[in-house]
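Undergrad: One structure, pasted below without further comment.
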Amino acid sequence: MASQGPLYIGFDLSTQQLKGLVVNSELKVVHISKFDFDADSRGFSIKKGVLTNEAEHEVFAPVALWLQALDGVLDGLRKQGLDFSRVRGISGAGQQHGSVYWGENAEKLLGGLDAGKTLEEQLSGAFSHPFSPNWQDASTQKECDEFDAVLGGPEQLAEATGSKAHHRFTGPQILRFQRKYPEVYKKTSRISLVSSFLASLLLGHIAPMDISDVCGMNLWNIRKGAYDEDLLKLCAGPFGMEDLKRKLGDVPEDGGLHLGKINKYYIDRYGFSSDCEILPSTGDNPATILALPLRPSDAMVSLGTSTTFLMSTPSYKPDPATHFFNHPTTPGLYMFMLCYKNGGLAREHVRDAINEKLGSPASQSWENFDRITLETPPLGQKSESDPMKLGLFFPRPEIVPNLRSGQWRFNYNPANETLTESNDGWNNPSDEARAIVESQMLSLRLRSRGLTQSPGAKIPPQPRRVYLVGGGSKNKAIAKVAGEILGGSDGVYKLDVGDNACALGAAYKAVWAMERTPGQTFEDLIGQRWREEEFIEKIADGYQKGVFEKYGNAVEGFEKMEHQVLEQEAARK
(Lines of atoms letter the chains of each structure in order from A and count residues from 1; the text may use other names and numbers.)
(Lines give C-alpha, C1' and ligand atoms only; values in the text may rest on other atoms or scores of the structure.)
Protein backbone atom coordinates (compact mmCIF):
# COMPACT_ATOMS: atom_id res chain seq x y z
CA MET A 1 0.00 0.00 0.00
CA ALA A 2 1.19 3.49 -0.89
CA SER A 3 0.23 4.75 2.58
CA GLN A 4 2.83 2.41 4.07
CA GLY A 5 5.66 3.66 1.86
CA PRO A 6 8.89 5.20 3.16
CA LEU A 7 9.00 8.61 4.84
CA TYR A 8 11.84 11.13 5.16
CA ILE A 9 12.51 13.87 7.72
CA GLY A 10 14.12 17.23 7.05
CA PHE A 11 15.09 19.26 10.12
CA ASP A 12 15.69 23.02 10.09
CA LEU A 13 17.67 24.31 13.07
CA SER A 14 17.40 28.08 12.72
CA THR A 15 17.97 30.96 15.15
CA GLN A 16 14.47 31.00 16.61
CA GLN A 17 13.09 27.49 16.16
CA LEU A 18 13.70 23.86 15.27
CA LYS A 19 11.33 22.42 12.70
CA GLY A 20 10.88 18.82 11.61
CA LEU A 21 9.11 18.26 8.29
CA VAL A 22 8.14 14.80 7.01
CA VAL A 23 7.65 13.95 3.32
CA ASN A 24 6.92 10.76 1.41
CA SER A 25 8.69 9.49 -1.73
CA GLU A 26 6.38 11.64 -3.88
CA LEU A 27 7.59 14.74 -1.95
CA LYS A 28 4.20 15.30 -0.32
CA VAL A 29 4.41 16.86 3.16
CA VAL A 30 2.66 14.63 5.71
CA HIS A 31 3.73 16.16 9.05
CA ILE A 32 5.34 19.36 10.38
CA SER A 33 6.39 19.86 14.01
CA LYS A 34 7.94 23.06 15.38
CA PHE A 35 9.67 23.95 18.63
CA ASP A 36 9.80 27.72 19.15
CA PHE A 37 12.82 28.50 21.32
CA ASP A 38 11.36 31.52 23.13
CA ALA A 39 7.86 30.09 23.60
CA ASP A 40 8.51 26.38 24.16
CA SER A 41 11.87 26.05 25.92
CA ARG A 42 12.39 25.81 29.67
CA GLY A 43 15.27 27.24 31.66
CA PHE A 44 16.93 29.61 29.19
CA SER A 45 16.85 33.42 29.46
CA ILE A 46 16.97 33.82 25.68
CA LYS A 47 15.37 36.47 23.48
CA LYS A 48 14.64 35.56 19.85
CA GLY A 49 16.60 32.37 20.38
CA VAL A 50 19.87 33.98 21.50
CA LEU A 51 21.80 35.60 24.33
CA THR A 52 23.86 38.75 23.85
CA ASN A 53 26.95 40.34 25.35
CA GLU A 54 26.65 43.84 23.94
CA ALA A 55 29.95 45.04 25.40
CA GLU A 56 31.82 42.67 23.07
CA HIS A 57 29.19 42.54 20.26
CA GLU A 58 28.68 38.84 20.96
CA VAL A 59 25.50 36.96 20.03
CA PHE A 60 25.29 33.26 20.91
CA ALA A 61 22.91 30.41 21.72
CA PRO A 62 23.00 27.83 24.53
CA VAL A 63 23.64 24.45 22.86
CA ALA A 64 21.53 22.64 25.50
CA LEU A 65 18.52 24.57 24.14
CA TRP A 66 18.88 22.66 20.86
CA LEU A 67 18.98 19.33 22.72
CA GLN A 68 15.69 20.20 24.40
CA ALA A 69 14.29 21.22 21.02
CA LEU A 70 15.13 17.95 19.24
CA ASP A 71 13.25 15.87 21.81
CA GLY A 72 10.47 18.49 21.66
CA VAL A 73 10.04 18.22 17.87
CA LEU A 74 10.13 14.42 17.93
CA ASP A 75 7.54 14.41 20.75
CA GLY A 76 5.40 16.70 18.58
CA LEU A 77 5.63 14.32 15.61
CA ARG A 78 4.72 11.39 17.88
CA LYS A 79 1.61 13.27 19.10
CA GLN A 80 0.63 13.86 15.46
CA GLY A 81 0.70 10.10 14.92
CA LEU A 82 3.87 9.75 12.85
CA ASP A 83 4.81 6.09 12.39
CA PHE A 84 8.55 6.48 13.03
CA SER A 85 9.24 2.94 11.78
CA ARG A 86 8.48 4.13 8.22
CA VAL A 87 11.19 6.84 8.33
CA ARG A 88 13.96 5.66 6.03
CA GLY A 89 16.30 8.67 5.97
CA ILE A 90 16.93 11.96 7.80
CA SER A 91 18.79 15.10 6.72
CA GLY A 92 18.83 18.62 8.07
CA ALA A 93 19.61 22.28 7.59
CA GLY A 94 21.45 24.39 10.14
CA GLN A 95 21.93 28.14 10.54
CA GLN A 96 25.19 28.76 8.75
CA HIS A 97 28.60 29.51 10.30
CA GLY A 98 27.74 28.66 13.93
CA SER A 99 30.17 26.33 15.72
CA VAL A 100 29.73 23.75 18.50
CA TYR A 101 32.66 22.78 20.74
CA TRP A 102 32.63 19.15 21.93
CA GLY A 103 34.43 18.00 25.09
CA GLU A 104 36.75 15.02 25.48
CA ASN A 105 33.93 12.66 26.55
CA ALA A 106 31.54 13.61 23.71
CA GLU A 107 31.75 10.38 21.71
CA LYS A 108 31.23 8.27 24.85
CA LEU A 109 28.17 10.27 25.92
CA LEU A 110 26.68 10.29 22.39
CA GLY A 111 27.14 6.54 22.07
CA GLY A 112 25.72 5.63 25.47
CA LEU A 113 22.36 7.42 25.50
CA ASP A 114 19.57 6.01 27.68
CA ALA A 115 16.12 6.18 26.04
CA GLY A 116 14.51 6.74 29.45
CA LYS A 117 16.12 10.19 29.80
CA THR A 118 16.12 13.32 27.63
CA LEU A 119 19.01 14.42 25.42
CA GLU A 120 19.41 17.54 27.56
CA GLU A 121 19.77 15.48 30.75
CA GLN A 122 22.48 13.30 29.22
CA LEU A 123 24.43 15.53 26.82
CA SER A 124 24.71 18.89 28.58
CA GLY A 125 28.16 17.75 29.75
CA ALA A 126 29.29 16.74 26.25
CA PHE A 127 30.49 20.24 25.34
CA SER A 128 33.73 21.98 26.26
CA HIS A 129 31.89 25.30 25.81
CA PRO A 130 28.14 25.64 26.45
CA PHE A 131 27.44 28.24 23.73
CA SER A 132 27.45 28.46 19.93
CA PRO A 133 28.20 31.81 18.22
CA ASN A 134 25.23 33.04 16.18
CA TRP A 135 25.41 34.53 12.66
CA GLN A 136 24.45 37.94 14.14
CA ASP A 137 27.69 38.01 16.19
CA ALA A 138 30.00 40.93 15.31
CA SER A 139 32.84 40.39 17.79
CA THR A 140 35.56 39.33 15.33
CA GLN A 141 36.65 42.45 13.42
CA LYS A 142 40.31 42.01 14.47
CA GLU A 143 40.27 38.36 13.39
CA CYS A 144 38.58 39.24 10.08
CA ASP A 145 41.35 41.74 9.34
CA GLU A 146 43.91 38.98 9.95
CA PHE A 147 42.04 36.51 7.72
CA ASP A 148 41.75 39.10 4.93
CA ALA A 149 45.49 39.80 5.15
CA VAL A 150 46.97 36.30 5.41
CA LEU A 151 46.62 35.34 1.72
CA GLY A 152 47.33 38.87 0.47
CA GLY A 153 43.96 40.62 0.69
CA PRO A 154 40.17 40.11 0.63
CA GLU A 155 40.27 39.28 -3.10
CA GLN A 156 42.72 36.43 -2.51
CA LEU A 157 40.72 35.11 0.45
CA ALA A 158 37.54 35.16 -1.66
CA GLU A 159 39.37 33.44 -4.53
CA ALA A 160 40.42 30.59 -2.22
CA THR A 161 37.41 30.20 0.08
CA GLY A 162 34.50 31.75 -1.86
CA SER A 163 34.11 34.74 0.49
CA LYS A 164 36.18 37.49 2.06
CA ALA A 165 36.31 37.44 5.87
CA HIS A 166 33.01 38.04 7.66
CA HIS A 167 32.32 38.43 11.39
CA ARG A 168 29.96 35.44 11.42
CA PHE A 169 32.21 33.04 9.51
CA THR A 170 33.50 30.10 11.54
CA GLY A 171 37.25 30.59 10.96
CA PRO A 172 37.44 34.08 12.51
CA GLN A 173 35.13 32.85 15.30
CA ILE A 174 37.40 29.87 16.11
CA LEU A 175 40.47 32.16 16.09
CA ARG A 176 38.85 34.48 18.61
CA PHE A 177 37.65 31.51 20.67
CA GLN A 178 41.11 29.92 21.00
CA ARG A 179 42.55 33.28 22.09
CA LYS A 180 39.78 34.08 24.57
CA TYR A 181 39.45 30.55 26.00
CA PRO A 182 42.81 28.80 25.41
CA GLU A 183 42.25 26.17 28.13
CA VAL A 184 38.78 25.34 26.82
CA TYR A 185 40.07 25.15 23.23
CA LYS A 186 42.80 22.76 24.37
CA LYS A 187 40.16 20.45 25.90
CA THR A 188 37.91 20.63 22.81
CA SER A 189 38.00 17.24 21.06
CA ARG A 190 35.98 18.20 17.97
CA ILE A 191 34.36 21.28 16.42
CA SER A 192 31.07 20.91 14.53
CA LEU A 193 29.04 23.30 12.43
CA VAL A 194 25.39 23.59 13.51
CA SER A 195 24.43 21.31 10.60
CA SER A 196 26.93 18.56 11.47
CA PHE A 197 26.07 18.93 15.19
CA LEU A 198 22.48 18.01 14.31
CA ALA A 199 23.63 14.97 12.31
CA SER A 200 25.92 13.97 15.21
CA LEU A 201 23.01 13.89 17.67
CA LEU A 202 21.09 11.54 15.37
CA LEU A 203 24.09 9.31 14.58
CA GLY A 204 25.37 8.92 18.12
CA HIS A 205 28.89 9.96 17.15
CA ILE A 206 30.51 13.06 15.61
CA ALA A 207 29.36 13.49 12.00
CA PRO A 208 31.57 15.01 9.30
CA MET A 209 30.89 18.50 7.99
CA ASP A 210 28.93 18.94 4.79
CA ILE A 211 30.72 19.79 1.52
CA SER A 212 28.62 22.95 1.01
CA ASP A 213 28.32 24.22 4.60
CA VAL A 214 32.10 23.91 5.11
CA CYS A 215 32.45 26.78 2.59
CA GLY A 216 30.97 29.18 5.18
CA MET A 217 34.07 29.02 7.39
CA ASN A 218 36.77 31.00 5.50
CA LEU A 219 38.90 27.86 5.95
CA TRP A 220 38.00 25.54 3.04
CA ASN A 221 39.88 26.10 -0.22
CA ILE A 222 37.14 25.50 -2.79
CA ARG A 223 39.51 25.25 -5.75
CA LYS A 224 41.73 22.69 -4.01
CA GLY A 225 38.89 20.80 -2.32
CA ALA A 226 40.74 20.81 1.00
CA TYR A 227 41.35 22.97 4.05
CA ASP A 228 43.72 25.83 3.28
CA GLU A 229 46.83 25.27 5.38
CA ASP A 230 47.79 28.96 5.65
CA LEU A 231 44.34 29.73 7.02
CA LEU A 232 44.41 26.76 9.39
CA LYS A 233 47.80 27.92 10.75
CA LEU A 234 46.40 31.40 11.42
CA CYS A 235 43.26 29.99 13.01
CA ALA A 236 45.02 27.43 15.25
CA GLY A 237 47.72 29.79 16.50
CA PRO A 238 49.96 28.22 19.16
CA PHE A 239 47.93 24.98 19.17
CA GLY A 240 49.07 24.06 15.67
CA MET A 241 47.46 23.23 12.37
CA GLU A 242 47.38 19.43 12.80
CA ASP A 243 45.45 19.74 16.07
CA LEU A 244 42.82 21.96 14.38
CA LYS A 245 42.60 19.56 11.41
CA ARG A 246 41.78 16.75 13.84
CA LYS A 247 39.18 18.90 15.58
CA LEU A 248 37.47 19.71 12.26
CA GLY A 249 37.67 16.22 10.73
CA ASP A 250 37.44 15.04 7.13
CA VAL A 251 34.84 16.41 4.70
CA PRO A 252 33.26 13.83 2.34
CA GLU A 253 32.47 15.08 -1.17
CA ASP A 254 29.17 13.22 -1.61
CA GLY A 255 26.25 15.26 -0.25
CA GLY A 256 24.13 12.10 -0.31
CA LEU A 257 26.58 9.91 1.58
CA HIS A 258 25.02 7.44 4.03
CA LEU A 259 26.72 8.46 7.29
CA GLY A 260 25.33 5.52 9.26
CA LYS A 261 22.21 4.22 10.99
CA ILE A 262 20.23 6.21 13.52
CA ASN A 263 21.35 5.96 17.15
CA LYS A 264 19.66 3.33 19.36
CA TYR A 265 18.26 6.12 21.60
CA TYR A 266 15.79 7.14 18.90
CA ILE A 267 14.85 3.53 18.10
CA ASP A 268 14.01 2.79 21.74
CA ARG A 269 12.44 6.17 22.63
CA TYR A 270 10.46 6.95 19.47
CA GLY A 271 10.21 3.70 17.50
CA PHE A 272 12.49 4.49 14.57
CA SER A 273 13.59 1.51 12.47
CA SER A 274 17.16 0.31 13.01
CA ASP A 275 17.59 0.69 9.21
CA CYS A 276 16.92 4.47 9.23
CA GLU A 277 19.92 6.22 7.60
CA ILE A 278 21.38 9.57 8.65
CA LEU A 279 22.46 11.75 5.71
CA PRO A 280 24.69 14.85 5.79
CA SER A 281 22.90 17.99 7.00
CA THR A 282 23.76 21.19 5.14
CA GLY A 283 23.48 24.94 5.79
CA ASP A 284 20.20 26.83 5.66
CA ASN A 285 21.06 28.74 2.47
CA PRO A 286 22.26 25.65 0.56
CA ALA A 287 19.12 23.82 1.76
CA THR A 288 16.98 26.63 0.35
CA ILE A 289 18.17 25.96 -3.21
CA LEU A 290 17.15 22.31 -2.69
CA ALA A 291 13.50 23.29 -2.02
CA LEU A 292 12.92 23.00 -5.78
CA PRO A 293 14.80 21.47 -8.72
CA LEU A 294 16.78 24.67 -9.32
CA ARG A 295 18.51 24.29 -12.68
CA PRO A 296 21.92 25.83 -13.39
CA SER A 297 21.45 29.58 -14.08
CA ASP A 298 18.00 29.65 -12.48
CA ALA A 299 17.87 32.40 -9.84
CA MET A 300 16.05 32.68 -6.50
CA VAL A 301 15.44 36.11 -4.99
CA SER A 302 14.32 36.20 -1.35
CA LEU A 303 12.54 39.51 -0.76
CA GLY A 304 12.32 39.76 3.01
CA THR A 305 13.55 42.43 5.41
CA SER A 306 16.88 41.87 3.71
CA THR A 307 17.38 40.67 0.14
CA THR A 308 19.14 37.39 -0.65
CA PHE A 309 19.95 36.25 -4.18
CA LEU A 310 20.79 32.58 -4.77
CA MET A 311 21.85 30.92 -7.98
CA SER A 312 23.10 27.50 -9.00
CA THR A 313 25.97 27.91 -11.45
CA PRO A 314 28.80 25.90 -13.03
CA SER A 315 30.98 29.05 -12.92
CA TYR A 316 33.29 29.80 -9.99
CA LYS A 317 33.98 33.55 -10.17
CA PRO A 318 34.45 34.75 -6.60
CA ASP A 319 34.47 38.39 -5.57
CA PRO A 320 34.73 40.04 -2.11
CA ALA A 321 31.14 41.35 -2.49
CA THR A 322 29.63 37.89 -3.05
CA HIS A 323 29.68 34.34 -1.69
CA PHE A 324 30.40 31.05 -3.42
CA PHE A 325 29.78 27.63 -1.86
CA ASN A 326 30.08 24.14 -3.23
CA HIS A 327 26.63 22.96 -4.31
CA PRO A 328 25.17 20.75 -1.53
CA THR A 329 24.36 17.80 -3.83
CA THR A 330 25.80 18.24 -7.30
CA PRO A 331 29.58 18.15 -7.99
CA GLY A 332 30.62 20.68 -10.63
CA LEU A 333 27.97 23.19 -9.57
CA TYR A 334 28.34 26.05 -7.09
CA MET A 335 25.88 28.08 -5.10
CA PHE A 336 26.30 31.81 -5.66
CA MET A 337 24.88 34.09 -2.99
CA LEU A 338 24.41 37.82 -2.52
CA CYS A 339 23.17 39.28 0.78
CA TYR A 340 21.90 42.84 1.20
CA LYS A 341 20.86 44.51 4.44
CA ASN A 342 18.52 46.98 2.71
CA GLY A 343 15.55 45.11 1.28
CA GLY A 344 11.95 45.37 2.39
CA LEU A 345 12.70 48.12 4.90
CA ALA A 346 14.01 50.43 2.18
CA ARG A 347 10.94 49.79 0.00
CA GLU A 348 8.65 50.43 2.98
CA HIS A 349 10.25 53.86 3.53
CA VAL A 350 9.28 54.91 0.00
CA ARG A 351 5.81 53.33 0.33
CA ASP A 352 5.16 55.29 3.54
CA ALA A 353 6.37 58.58 2.01
CA ILE A 354 4.03 58.07 -0.97
CA ASN A 355 1.04 57.20 1.24
CA GLU A 356 1.72 60.27 3.39
CA LYS A 357 1.90 62.56 0.34
CA LEU A 358 -1.39 61.12 -0.92
CA GLY A 359 -3.13 61.76 2.40
CA SER A 360 -3.10 58.33 4.05
CA PRO A 361 -0.04 58.48 6.35
CA ALA A 362 -1.14 55.58 8.58
CA SER A 363 -1.69 53.21 5.67
CA GLN A 364 0.59 50.23 5.14
CA SER A 365 -1.06 49.42 1.82
CA TRP A 366 1.16 48.86 -1.22
CA GLU A 367 -1.59 49.93 -3.64
CA ASN A 368 -0.23 53.43 -4.33
CA PHE A 369 3.39 52.23 -4.50
CA ASP A 370 2.44 49.51 -7.01
CA ARG A 371 0.31 51.79 -9.17
CA ILE A 372 3.00 54.48 -9.37
CA THR A 373 5.74 51.89 -10.05
CA LEU A 374 3.77 50.50 -12.99
CA GLU A 375 2.81 53.96 -14.32
CA THR A 376 6.43 55.19 -14.26
CA PRO A 377 8.38 54.32 -17.44
CA PRO A 378 11.60 52.28 -17.07
CA LEU A 379 14.35 54.40 -15.47
CA GLY A 380 11.95 57.35 -15.35
CA GLN A 381 12.58 58.10 -19.04
CA LYS A 382 9.49 59.69 -20.59
CA SER A 383 11.41 59.85 -23.88
CA GLU A 384 14.63 58.26 -25.15
CA SER A 385 16.44 61.60 -24.89
CA ASP A 386 15.71 61.92 -21.16
CA PRO A 387 18.46 60.87 -18.74
CA MET A 388 18.04 57.62 -16.80
CA LYS A 389 17.15 58.14 -13.14
CA LEU A 390 19.38 56.00 -10.89
CA GLY A 391 19.68 55.98 -7.12
CA LEU A 392 20.89 54.24 -3.98
CA PHE A 393 18.45 54.05 -1.06
CA PHE A 394 19.97 52.74 2.17
CA PRO A 395 18.02 53.42 5.40
CA ARG A 396 20.59 51.22 7.15
CA PRO A 397 24.32 50.77 6.41
CA GLU A 398 24.86 48.45 3.44
CA ILE A 399 27.45 45.74 2.84
CA VAL A 400 27.03 45.49 -0.97
CA PRO A 401 28.49 48.05 -1.63
CA ASN A 402 30.04 48.91 1.74
CA LEU A 403 28.33 52.26 2.42
CA ARG A 404 26.84 54.25 5.29
CA SER A 405 23.09 54.77 5.43
CA GLY A 406 21.94 57.50 3.05
CA GLN A 407 20.27 58.33 -0.26
CA TRP A 408 21.96 59.30 -3.52
CA ARG A 409 20.18 60.28 -6.75
CA PHE A 410 21.79 60.54 -10.18
CA ASN A 411 20.92 61.26 -13.78
CA TYR A 412 22.76 59.10 -16.32
CA ASN A 413 23.04 59.69 -20.06
CA PRO A 414 24.03 56.39 -21.72
CA ALA A 415 24.77 58.04 -25.09
CA ASN A 416 27.84 59.87 -23.77
CA GLU A 417 28.12 57.93 -20.47
CA THR A 418 27.83 61.07 -18.33
CA LEU A 419 26.67 60.68 -14.76
CA THR A 420 25.50 63.62 -12.63
CA GLU A 421 24.47 63.57 -9.00
CA SER A 422 21.30 65.62 -9.01
CA ASN A 423 17.68 65.83 -7.88
CA ASP A 424 16.81 67.65 -11.13
CA GLY A 425 13.86 66.09 -12.85
CA TRP A 426 13.09 63.85 -9.87
CA ASN A 427 9.50 64.06 -8.62
CA ASN A 428 9.89 62.64 -5.11
CA PRO A 429 8.71 60.42 -3.59
CA SER A 430 6.75 59.19 -6.65
CA ASP A 431 9.80 58.62 -8.87
CA GLU A 432 11.46 56.70 -6.05
CA ALA A 433 8.89 53.87 -6.14
CA ARG A 434 10.17 52.45 -9.41
CA ALA A 435 13.72 53.72 -8.79
CA ILE A 436 14.17 51.76 -5.55
CA VAL A 437 13.00 48.47 -7.08
CA GLU A 438 15.23 49.15 -10.10
CA SER A 439 18.17 49.97 -7.84
CA GLN A 440 17.87 46.66 -5.96
CA MET A 441 17.42 44.59 -9.14
CA LEU A 442 20.19 46.39 -11.08
CA SER A 443 22.61 45.55 -8.27
CA LEU A 444 21.64 41.86 -8.57
CA ARG A 445 22.10 41.94 -12.35
CA LEU A 446 25.45 43.74 -12.09
CA ARG A 447 26.87 41.15 -9.70
CA SER A 448 25.45 38.02 -11.35
CA ARG A 449 25.96 38.95 -15.00
CA GLY A 450 29.15 36.93 -15.41
CA LEU A 451 27.39 33.74 -14.29
CA THR A 452 24.45 33.53 -16.68
CA GLN A 453 24.34 31.88 -20.08
CA SER A 454 22.17 32.38 -23.15
CA PRO A 455 19.03 30.25 -22.74
CA GLY A 456 18.39 30.12 -26.50
CA ALA A 457 19.07 31.48 -29.97
CA LYS A 458 19.49 35.26 -30.12
CA ILE A 459 18.61 35.67 -26.43
CA PRO A 460 21.25 37.47 -24.32
CA PRO A 461 22.68 35.68 -21.24
CA GLN A 462 20.18 35.66 -18.36
CA PRO A 463 18.52 33.24 -15.92
CA ARG A 464 16.11 30.69 -17.40
CA ARG A 465 13.71 31.32 -14.54
CA VAL A 466 13.59 33.85 -11.72
CA TYR A 467 11.89 32.53 -8.57
CA LEU A 468 10.72 35.08 -5.99
CA VAL A 469 10.20 34.07 -2.34
CA GLY A 470 9.43 36.01 0.83
CA GLY A 471 7.03 38.87 1.55
CA GLY A 472 7.98 40.95 -1.50
CA SER A 473 7.07 38.07 -3.84
CA LYS A 474 3.38 38.88 -3.29
CA ASN A 475 3.92 42.27 -4.96
CA LYS A 476 3.07 42.15 -8.69
CA ALA A 477 4.81 45.47 -9.47
CA ILE A 478 8.10 44.25 -7.97
CA ALA A 479 7.76 40.99 -9.94
CA LYS A 480 7.23 42.87 -13.20
CA VAL A 481 10.29 45.09 -12.71
CA ALA A 482 12.35 42.06 -11.61
CA GLY A 483 11.53 40.34 -14.90
CA GLU A 484 12.31 43.43 -16.97
CA ILE A 485 15.75 43.81 -15.35
CA LEU A 486 16.88 40.26 -14.51
CA GLY A 487 15.21 38.63 -17.51
CA GLY A 488 14.12 35.04 -17.16
CA SER A 489 13.47 33.58 -20.60
CA ASP A 490 10.84 31.29 -19.05
CA GLY A 491 9.30 33.95 -16.80
CA VAL A 492 9.17 35.12 -13.18
CA TYR A 493 7.62 32.73 -10.66
CA LYS A 494 6.44 33.00 -7.09
CA LEU A 495 7.62 30.03 -5.03
CA ASP A 496 5.10 29.44 -2.27
CA VAL A 497 6.52 27.15 0.39
CA GLY A 498 5.84 29.53 3.29
CA ASP A 499 8.76 29.52 5.70
CA ASN A 500 9.46 25.83 5.04
CA ALA A 501 12.10 26.15 2.28
CA CYS A 502 15.06 24.98 4.42
CA ALA A 503 13.24 22.02 5.97
CA LEU A 504 11.79 21.00 2.59
CA GLY A 505 15.22 21.20 0.97
CA ALA A 506 16.64 18.97 3.72
CA ALA A 507 13.80 16.45 3.35
CA TYR A 508 14.19 16.37 -0.46
CA LYS A 509 17.93 15.81 0.05
CA ALA A 510 17.11 12.74 2.16
CA VAL A 511 14.73 11.40 -0.52
CA TRP A 512 17.41 11.86 -3.19
CA ALA A 513 20.17 10.30 -1.08
CA MET A 514 18.09 7.19 -0.37
CA GLU A 515 16.27 6.68 -3.68
CA ARG A 516 18.72 7.85 -6.38
CA THR A 517 20.01 5.48 -9.01
CA PRO A 518 23.81 5.42 -9.53
CA GLY A 519 24.90 8.78 -10.95
CA GLN A 520 21.41 10.33 -10.75
CA THR A 521 21.57 14.02 -9.84
CA PHE A 522 19.37 15.73 -7.28
CA GLU A 523 17.91 17.98 -9.99
CA ASP A 524 16.95 14.97 -12.11
CA LEU A 525 15.29 12.92 -9.36
CA ILE A 526 13.49 15.82 -7.69
CA GLY A 527 12.61 17.34 -11.09
CA GLN A 528 10.75 14.14 -12.04
CA ARG A 529 8.70 14.11 -8.83
CA TRP A 530 8.19 17.79 -8.04
CA ARG A 531 4.63 18.95 -8.67
CA GLU A 532 5.30 22.40 -10.05
CA GLU A 533 1.66 23.50 -10.07
CA GLU A 534 1.41 23.01 -6.28
CA PHE A 535 4.34 25.23 -5.40
CA ILE A 536 4.85 27.89 -8.05
CA GLU A 537 2.80 30.41 -9.95
CA LYS A 538 3.98 32.45 -12.92
CA ILE A 539 3.48 36.06 -11.87
CA ALA A 540 5.32 38.09 -14.52
CA ASP A 541 6.99 37.88 -17.89
CA GLY A 542 10.74 37.68 -17.85
CA TYR A 543 12.85 38.69 -20.84
CA GLN A 544 11.39 41.47 -23.00
CA LYS A 545 13.47 42.36 -26.04
CA GLY A 546 14.51 46.01 -25.97
CA VAL A 547 13.65 46.59 -22.30
CA PHE A 548 16.24 44.06 -21.08
CA GLU A 549 18.90 45.65 -23.31
CA LYS A 550 17.99 49.14 -22.06
CA TYR A 551 18.57 47.96 -18.50
CA GLY A 552 21.87 46.49 -19.70
CA ASN A 553 22.95 50.06 -20.51
CA ALA A 554 21.65 51.17 -17.11
CA VAL A 555 23.85 48.55 -15.38
CA GLU A 556 26.92 50.39 -16.72
CA GLY A 557 25.64 53.65 -15.25
CA PHE A 558 24.73 51.90 -12.00
CA GLU A 559 28.27 50.55 -11.65
CA LYS A 560 29.72 54.04 -12.29
CA MET A 561 27.33 55.50 -9.70
CA GLU A 562 28.44 53.02 -7.03
CA HIS A 563 32.12 53.77 -7.72
CA GLN A 564 31.51 57.52 -7.58
CA VAL A 565 29.62 57.34 -4.27
CA LEU A 566 32.28 55.06 -2.75
CA GLU A 567 35.02 57.50 -3.81
CA GLN A 568 33.08 60.47 -2.41
CA GLU A 569 32.57 58.70 0.90
CA ALA A 570 36.25 57.68 1.12
CA ALA A 571 37.25 61.32 0.53
CA ARG A 572 34.93 62.48 3.36
CA LYS A 573 36.68 60.30 5.95
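Heads up, the Cβ atoms here are built off N, Cα and C, so glycines get one too.
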Undergrad: Given that Swiss-Prot annotates Gly471, Gly472, Asn475 as binding ATP, state which candidate in Trp135, Trp220, Trp366 belongs to that site as well.
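TA: Among Trp135, Trp220, Trp366, only Trp366 appears alongside Gly471, Gly472, Asn475 as ATP-binding in Swiss-Prot.
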Undergrad: In Swiss-Prot, the residues His97, Asp284, Asn285 are said to bind substrate. Which of Arg168, Arg176, Arg179 is said to bind at that same site?
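TA: For substrate, Swiss-Prot names His97, Asp284, Asn285; of Arg168, Arg176, Arg179, the listed one is Arg168.
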Undergrad: Can you check which residues sit near Asn285 (substrate binding site), meaning Cβ under 8 Å from its Cβ, same chain, 6 or more apart in sequence, and list them in order?
TA: Gln96, Thr308, Leu310, Phe325, Met335, Met337
Undergrad: Can you tell which of Gly471, Gly472 has the least company, meaning the fewest other C-beta atoms within 10 angstroms of its C-beta, among these binding-site residues?
TA: Gly471
Undergrad: So which other residues, same chain and not among Trp366, Gly471, Gly472, Asn475, have a Cβ within 8 Å of the centroid of the Cβ atoms at the ATP site?
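TA: For the ATP site the neighbour list reads Leu303, Gly344, Arg347, Ser473, Lys474, Ile478.
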Undergrad: Between the Cα atoms of Gly472 (ATP binding site) and Asp284 (substrate binding site), what distance do you get, rounded to the nearest Å?
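TA: Given the Cα positions, Gly472 (ATP binding site) is 20 Å from Asp284 (substrate binding site).
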Undergrad: For Asp284 (substrate binding site), which of the binding-site residues Trp366, Gly471, Asn475 has the nearest Cα in space?
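TA: So, of the listed binding-site residues, the one sitting closest to Asp284 (substrate binding site) is Gly471.
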Undergrad: Cβ atoms within 10 Å, counted per site: which of His97, Arg168 has the most, among these binding-site residues?
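TA: When each Cβ's neighbours within 10 Å are tallied, His97 leads.
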